[in-house]
């Protein structure tokens with residue numbers, strides 16, 4: 001299997017897991033009264049600690065080398081704050097205000113920002129396929145938000161705000177960690193990003209104050225969000241874009257919006 005095909009497989013797998021996590025999160029918000037801020041903090045800390053323990057077992061104290069240079073430490077902090085904490089928090093707040101499909105589609109306007117960034121940096125005109133994807137994303141978001149009429153905003157202002165903010169954070173998530181991924185690897189960069197993001201938001205989200213109604217389904221869905229929707233999703237996706245590049249990877253990753261709608265419509269995960 002060549003590098004491009006591997007990149008496609010990892011990116012699609014990560015995207016599908018991310019879409020599924022949105023549906024599980026929506027179930028926890030609506031049926032179990034959990035909050036987006038609490039769930040995101042738990043998933044960041046839980047997934048970050050698991051990945052760092054795994055990497056420590058493999059590499060020992062060398063996992064701390066990212067903090068020994070100012071440039072890599074600053075990049076890791078930015079990735080943790082924006083690429084992880086902000087990206088996940090705004091996405092789940094958008095879900096809380098709307099639904100997984102809507103939040104995912106709006107977040108995936110990020111390829112527009114990524115494409116514009118690289119066109120400006122590389123001082124070139126967009127490629128034909130990039131323009132086509134850009135047009136499709138704009139039309140899709142317009143139809144989703146208005147149902148074809150600009151006077152009829154279907155989603156709430158809050159959902160649109162959090163969704164667009166998540167698109168910005170997701171663009172940063174795709175572009176910013178390239179040097180970290182090349183030097184330190186996917187799992188190490190992802191683990192530190194999640195752990196740093198979780199630690200930074202904990203004082204504001206008060207993770208020790210546990211909300212909601214807890215039963216076996218709540219536990220199962222929460223574990224699913226942490227393991228499948230965070231550890232697997234982020235690790236696979238970042239590994240994929242490290243092979244494909246941010247522009248192609250983010251465009252391919254748009255596949256997850258379809259999974260968000262499919263899983264939401266069929267209620268595969270919650271048996272309704």
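Each Cβ is built from the backbone N, Cα and C atoms, and glycine gets one as well.
Those TrEMBL annotations? Automatic predictions, nothing curated.
Annotated domain 'EamA' per TrEMBL: 6-145, 159-253, in sequence order. The transmembrane segment feature in TrEMBL is assigned to 35-56, 77-95, 101-119, 131-148, 154-173, 185-204, 216-238.
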Stretch contact, the transmembrane segment (35-56) with the transmembrane segment (185-204), Cβ-Cβ under 8 Å, 3+ pairs: yes
Stretch of maximal Cβ-Cβ contact with the transmembrane segment (185-204) [cut-off: under 8 Å; candidates 101-119, 154-173, 216-238]: 216-238
Helix, strand and coil counts within the domain 'EamA' (159-253) (DSSP): 80 helix, 0 strand, 15 coil
For the domain 'EamA' (159-253), the mean pLDDT of the predicted model: 87
